[in-house]
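To start, the structure itself, in structure tokens.
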Amino acid sequence: LCLSICPLFPHEACCAYVLMVTAVYWVSEAVPLGAAALVPAFLYPLFGVLKSSEVAAEYCKDTTLLLMGVICLAASIEKWNLHKRIALRMVMIAGAKPGMLVLGFMCCTVFLSMWLSNTSTTAMVMPIAEAVLQQLICTGLADSHDDSETVEAPEDDSGTSVSNHGFIRHTNGHLPQVRSILLEVAIEIPNVKRVRARRDSQYPTKRDHMICKCLSLSITYAATIGGLITITGTSTNLIFAEQFNTRYPDAKVINFGTWFIFSFPIAIIMLVLTWLWLHFLFLGCNFRETCSLSKKRKTKREMLSERRIHEEYTKLGPISYPEVVTGVFFILMTLLWFTREPGFVPGWTSLFEKKGYRTDATVSVLLGFLLFLIPARRPFSSSSPSNDDSESDPLAPMITWKDFQRLMPWEIVILVGGGYALAAGCKVSGLSVWIGRQLEPMSGLPPWAVTLLACLLVSAVTEFASNPATLTVFLPILSALSETLHINPLHTLIPSTMCVSFGVMLPVGNPPNAIVFSYGHVKISDMVKAGFGVNLIGVAVVMLAITTWGVPLFNLTEFPAWAVARNVTGSL
């Protein structure tokens, strides 16, 4: 079959055929994404592109171990409700004014999404937001006649927290393409009939409906923004890091520290601009009314919302020993990642004689393993944690294998492995070089124009296709294009990796969108209108970053030696 397609370039044709078949399965979702990622595992050996053992080696890389260690920490965070304590405390600080409430939820969502998956973060935060919104709606229905009534606020403003009881119910199965992912994070979404009934029912006021829309959408956008900040924040970052390091093994420029330095300002700018955009779209421009920090006088509705949130935070009780241990591990993992190879000073890896043996995955797996070893009960203490069965077992660890297994996204692991296999096939067969030669007419364009076109293209495609699948298809093409045009590959690859996360216009764009949509506060037209603005904000901020502080950080003005070596090898 492959020989009949292209007799002059059989290996390139075979690889292109496998790439197209896999891409079609990914885009159409005719089979699960993880199953489609196994296509290269049997087609490459059958077509003689790669040996079976070589393909198998691509499915488990360093980033797989990195992800496993992070999931161990995420399991501990979720098991001991540390995520809920963090979210509620941050919302308590923000207060109950609509504008500040939205900003508070966005900040805590961004922070959590840096370390947890975007889907898990949205699934954790949305029930808290839903309870606040339900309090807002119920108060408005009961007291709509005195909507502007004010009461004297207490001197000490306590905070915010909400339980998710009663607000998340079973779904009849709409949005089937994300159902399996939602089940992995143990989230149940509202009944379809309830969603339709809510859309047909009248909110206390139109303003209440706008607040519900604004807060709901802000959470999914904030989860996307937070996922950009760290290498482990989202699967697309991991795909980029592994494919880049595999294709350019001599390039020692991408690690946790350099990525954070580049992406953190992007996230801050996007957070502020997205909040302003949503505020303008749904709450108007009266920032003095919606964002007042004054605590002397508040509406009755705001007082009741704060009281409800404070009650829920009180239910968490004092911070527990397992929460302290989890927090210490969280800080320790972050510090070790930052100081491994900071670049401007020698890192802790310089203390070892052999260089290059220790990566971010080493730290991640080590600390993750220790969570299985450390008891959840405080040493020399008779009290036991209330969130576990450790009353019967005083040596019960911080997390169990079931806790880890419940959160571990094996489908994503296989999907990422399939991307590595496709990239390896493109490299061995010479397909990436052939594609690069076909793109030589674009050599007249400046680097920023090439990057902008790539960002717009992946942003459009990812609205209808899976983010990891989209990036996996485009990375080899953009790498070959950069080498052909003698552009630093990072100039196109990093912006494209970030822009592939901006599939925020439709419920099918990503699982967080589907979770928020399932609550029934927003329509598809609302998501398209708000998401289009967020998409433009994201592309603009990423382009600003890659043309300003990204230039000295990654030395983007020169075609690097590691890319020259790869280009010469590929040509041969």
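In case you wondered, yes, glycine gets a Cβ from its N, Cα and C as well.
Note that this is a predicted model, so its numbers are computed, not measured.
What TrEMBL records for 94-116, 219-241, 253-278, 319-338, 359-376, 412-436, 448-478, 530-551 is transmembrane segment.
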Same-chain residues near the transmembrane segment (448-478), Cβ under 8 Å, at least 6 residues beyond its ends: 19, 23, 26-27, 29, 33, 36, 234-236, 239-240, 243-244, 412, 415-416, 418-419, 422-423, 426-427, 431-432, 435, 442, 485, 487, 489, 491-493, 495-497, 499-503, 505-506, 508-510, 535, 538-539, 542-543, 546-547
Recorded stretch that, among 94-116, 319-338, 359-376, 530-551, has the most CB pairs under 8 Å to the transmembrane segment (219-241): 94-116
For the transmembrane segment (359-376), distant same-chain residues with Cβ under 8 A (at least six beyond the ends): 62-63, 65-73, 75-76, 231-232, 255-256, 321-322, 325, 329, 332-333, 336-337, 340, 384-385, 388, 390, 394-401
